[in-house]
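Feature list (source: Swiss-Prot):
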- Gly37, Gly38, His39, Asp57, Phe83, Asp105, Gln112: S-adenosyl-L-methionine binding site (BINDING)
Amino acid sequence: MTIDSGFNHITVLLDEAVEALALRADGCYLDGTFGRGGHSRLILSKLGPQGRLLGFDKDPQAIATGQALAAEDGRFVIVQRSFAELGAEVAERGLAGKVSGILLDLGVSSPQLDDPERGFSFLNDGPLDMRMNPDQGISAAEFIATAPVEEIARVFKEYGEERFAGRMARAVVERREKQPFTRTADLAEVLKVANPAWEKGKNPATRAFQGLRIHVNNELGDLEAGLEAALDALEVGGRLAVISFHSLEDRIVKLFMRKLVKGEADNLPRNLPVQHKVFEPKIRLIGKAQFASEAELKANPRSRSAVMRVAEKLR
C-alpha cells in the first residue's frame, strides 16, 4: 500500500490541541484519529524516552502512514480500530485508567475528501463509497440502492440537516428504479436538481453528502461511545481534547462534558439516599471552546468550522 497518496492534509489546531493535553514527558497518550499523523508527530516530539503514544484509525492509508512512523519511533503504536473501541484496546494493553491524555480530531480528512476514489466528494467524480475503511460495512452506493425512501430522507435530515430531505430522497429513489447510483457525480446531479433553494456559495449536495457519510461510518454513534470510553481510560488529571467540525458533533461533545461537570445527581431518582460524591463533578472544563486563529483560517480555509473543547478528569 502506498503511504503517500499524493493528497496533502493540513492538521487543524495543531499547536493548540497538543498544548491542551498538558503533556508530561513520561506520559501515555492516545491519538484517536491518527489521519496523516500531524498531531501524533508533534506529541512524540515533546515526549521523553519513557513516553508512549497509541494511535487509532480505521482508514488503511492512515494505518500505512502510522506503521511507517511506528517503524521510526518505538514509542508509537498504531492500531486499525475506531476510537469507539479504545476502551477494549486500552484494557487489553493494561492501560485502563492510566492514559494521560486523549485527542479526538473528528470528521473526514483532506486526503479522504480530495481523493475521488474514496467517494466522499461531490466536486470530483468517483465511486460512491464514503467508507473510512473500505473493507468494512456497506458503501453509500449500497445504502442508496436498498434503503426505503423514508430512511434516506431521515439520513439526509438527521445527519445532514437538509431541509429538503424528503424531496431529495424521493428524487433518489425515482432515479434508482431506472438506473442504480455508482458514481458521486451522478448522485450529486440528482440532488442538485431536487434542491429548489441552493444556499449561496454552497453546493446543493453538501448536506446530503454529509448525512450519507455520517450514516455509512456511524460517526455520531462512534463519537458517543468513544467519549464514554475515553473518560474511563483517562487517569485522574488526564485530559481529553476533542475537535469537531459541525454542529451535530459539537452538540454531542458539549452535552457530554456539561453532564460530567454537573456530576451524576441529575440522573438519579428523587428522594433516594446517595453518597455525597455523586454531586461532585467528574471533569472540569479547561478554558472555553477554541476556534482557529485568523492566521490559520487564511492558511487553511477548511479550519473555519473547527471547534475544540477540552476537559480534565477529576475522579
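First residue shown is number 1, and so on along the chain.
Heads up, the Cβ atoms here are built off N, Cα and C, so glycines get one too.
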Using a Cβ-Cβ cut-off under 8 angstroms and a sequence gap of six or more, which residues of the chain neighbour Phe83 (S-adenosyl-L-methionine binding site)? Gly32, Thr33, Phe56, Leu104, Asp222, Gly226, Ala229, Ala230
Gly38 (S-adenosyl-L-methionine binding site) has its Cβ surrounded, within 10 angstroms, by a count of other Cβ atoms equal to 19
Reduced DSSP assignment, Gln112 (S-adenosyl-L-methionine binding site): helix
Which residues, sitting 6 or more apart from Asp57 (S-adenosyl-L-methionine binding site) on the same chain, put a CB under 8 Å from its CB? Thr33, Phe34, Gly35, Ile63, Gly66, Ile78, Gln80
Let me know how many other Cβ atoms fall within 10 Å of the Cβ of Asp105 (S-adenosyl-L-methionine binding site). 25
Which same-chain residues, if any, lie at least 6 apart from His39 (S-adenosyl-L-methionine binding site) yet have Cβ under 8 Å of it: Thr11, Leu14, Ala17, Val18, Asp31, Leu103, Asp105
